[in-house]
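Going by Swiss-Prot, these are the annotated features:
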- N111: N-linked glycosylation site (CARBOHYD)
- 1-27: topological domain 'Extracellular' (TOPO_DOM)
- 73-113: topological domain 'Extracellular' (TOPO_DOM)
- 135-141: topological domain 'Cytoplasmic' (TOPO_DOM)
- 163-175: topological domain 'Extracellular' (TOPO_DOM)
- 197-214: topological domain 'Cytoplasmic' (TOPO_DOM)
- 236-242: topological domain 'Extracellular' (TOPO_DOM)
- 264-274: topological domain 'Cytoplasmic' (TOPO_DOM)
- 320-334: topological domain 'Cytoplasmic' (TOPO_DOM)
- 356-394: topological domain 'Extracellular' (TOPO_DOM)
- 416-480: topological domain 'Cytoplasmic' (TOPO_DOM)
- 28-48: transmembrane segment (TRANSMEM)
- 52-72: transmembrane segment (TRANSMEM)
- 114-134: transmembrane segment (TRANSMEM)
- 142-162: transmembrane segment (TRANSMEM)
- 176-196: transmembrane segment (TRANSMEM)
- 215-235: transmembrane segment (TRANSMEM)
- 243-263: transmembrane segment (TRANSMEM)
- 275-295: transmembrane segment (TRANSMEM)
- 299-319: transmembrane segment (TRANSMEM)
- 335-355: transmembrane segment (TRANSMEM)
- 395-415: transmembrane segment (TRANSMEM)
Amino acid sequence: MELPSNLLPDEASPEWMNKGDNAWQLTAATMVGLQSIPGLVILYGSLVKKTWAINSAFMAFYAFASVLLCWVSWAYQMSFGEKMVFFLGKPNVALDEKFLLGKAFLGNFPNATMVFYQGVFAGLTLILIAGALLGRMNIRAWMLFVPLWVTFSYTVVAFSIWCPDGWLAKRGVIDFAGGYVIHLSAGVAGFTAAYWVGPRADKDRETFPAATNNMIMVLAGAGLLWMGWSGFNGGAPFVASTIASLAILNTHVCTAASITVWVMLDTFYFGKPTVFGAVQGMITGLVCITPAAGVVQGWAAILMGFISGSIPWYTMMVLHNKVNFLKKIDDPMAVFHTHAIAGALGGILTGFFAVPKLCRLFYMVPDWEKYIGLAYGLQNKGATQAGLKQMVIQIEAIVFVICYNVLMTSLICLIVRVIVPLRLNGDALQMGDKAIHGEDAFALHSEATKFVNIKRNQVYDTQDFSSIPESRSLGELQMV
């Protein structure tokens, strides 16, 4: 039986390419992109005080654009290209037609798809770092920090863990979709950069939800983040397979469990549940399951949700207020707790719950000496040593990511502050968006609201609308 003409290989659809896999990978990449733009843009712009809404959203928006430009120019090849040293690839462009239309190093789709998919992950990582720096970092310093960090920090961790030639990848570390590469890195780097930049002005350090300017929009941004995680974890196998389906289901089950536990703890200890708490529980659940999504069973995903909803809650709500060092570092979006702590937890729990069969299906290797969770190693005679080894590798990767990011992020901050101040000056800290961008996110609330009649181009400097002709409708008025 002959195949339909649209399924036959041709120059645009080579024999090696699977159209279904390619379509899913592009969809997954777009979903991850939507987590950033507009997901985190909305979330950041809504969680901060209204005087910092524009700046917070802009930092995320700029980071995404800047990273993608660096990514195709040199960073992709440094992360996944030909090995230069054991932890880094050779810098090179990823824009050549011959390269982009060729087969990716994994999956049955072209390099162009892989470059885009991995690029949106890199962009998201920098936006997560921004969450620890909102409300006081000099925007010019941020514009320098972004390309430097993606070049000298992200690429090293990505190559080491995700590239087949990376030293931790060869060791057998399990990081299904970025618990180490993205979340642990972002949490540690954000916390380190926050140390160097310093805290926000006292007036801006109100606790949530008092500082939040629009809680409904917080939920909108959080919803985009949550649903976009279907592409985040579901695209990790690089194939539209059963493992992708399992990863997506585990992601949402773990997240639901984490939210439930966090909200219950808030209710028990503080007397009432909060939207802010639910969103934090959502993030910790999503982060914790990320390194394990497609290689653990459903019941393990629920247990991981219980743990991710409780331990980060304790470190954030209790321990943070008791440890002087933690109190001194201003982390507006609690990136350290929701990403560094939750990411490290996820990595350790992955080493415990990873199912050998699922790992074999994901990594497509017959090597049973690797990728064996400790829980399964203890159940099988002769595999205990392999399970213990896997836990050691997982912890080894955590130590590497933490140490490298603290060192490199500190070095980048020190270099940037030689060029421009890391921190905004006093006037800008007091004024916020108006001083930095000359824009106001909430013009209706401005003390100097002005209305312009578009047809006559007349400006009314008063809130008394009696001077406006009755024939003019509000639809013809525009705020300035």
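Even glycines carry a Cβ here, placed using N, Cα and C.
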Tally of DSSP helical, extended and coil residues in the topological domain 'Extracellular' (73-113): 15 helix, 7 strand, 19 coil
Folded-back contacts onto the topological domain 'Extracellular' (356-394), same chain, C-beta under 8 angstroms, at least six residues removed: 168, 171-174, 176, 237, 241-243, 246, 294-297, 347-348, 350
Surrounding residues of the topological domain 'Extracellular' (236-242) on its own chain - C-beta under 8 Å, 6+ positions past either end: 18, 20-21, 24-25, 104, 106-109, 114, 176-178, 293-294, 361-362
Segment proximity, the transmembrane segment (395-415) to the transmembrane segment (176-196), 3 or more C-beta pairs under 8 Å: yes
In contact by Cβ distance (the transmembrane segment (299-319), the transmembrane segment (142-162); 3 or more pairs under 8 Å): no
Stretch contact, the transmembrane segment (299-319) with the transmembrane segment (243-263), Cβ-Cβ under 8 Å, 3+ pairs: yes
Selection from 243-263, 275-295, 395-415, the stretch that has most Cβ pairs under 8 A to the transmembrane segment (215-235): 275-295
Within-chain partners of the topological domain 'Cytoplasmic' (320-334) [C-beta distance under 8 Å, separation at least 6 from its ends]: 44, 47-48, 131-136, 190-191, 194-195, 198-200, 205, 280
Surrounding residues of the topological domain 'Extracellular' (163-175) on its own chain - C-beta under 8 Å, 6+ positions past either end: 79-80, 83, 86-87, 89, 105-106, 181, 291-292, 295, 347, 350-351, 354, 359, 370-371, 389-390, 393-394, 396-397, 400
Same-chain residues near the topological domain 'Extracellular' (1-27), Cβ under 8 Å, at least 6 residues beyond its ends: 103, 107-110, 113-114, 116-117, 231, 234-235, 238-240, 244
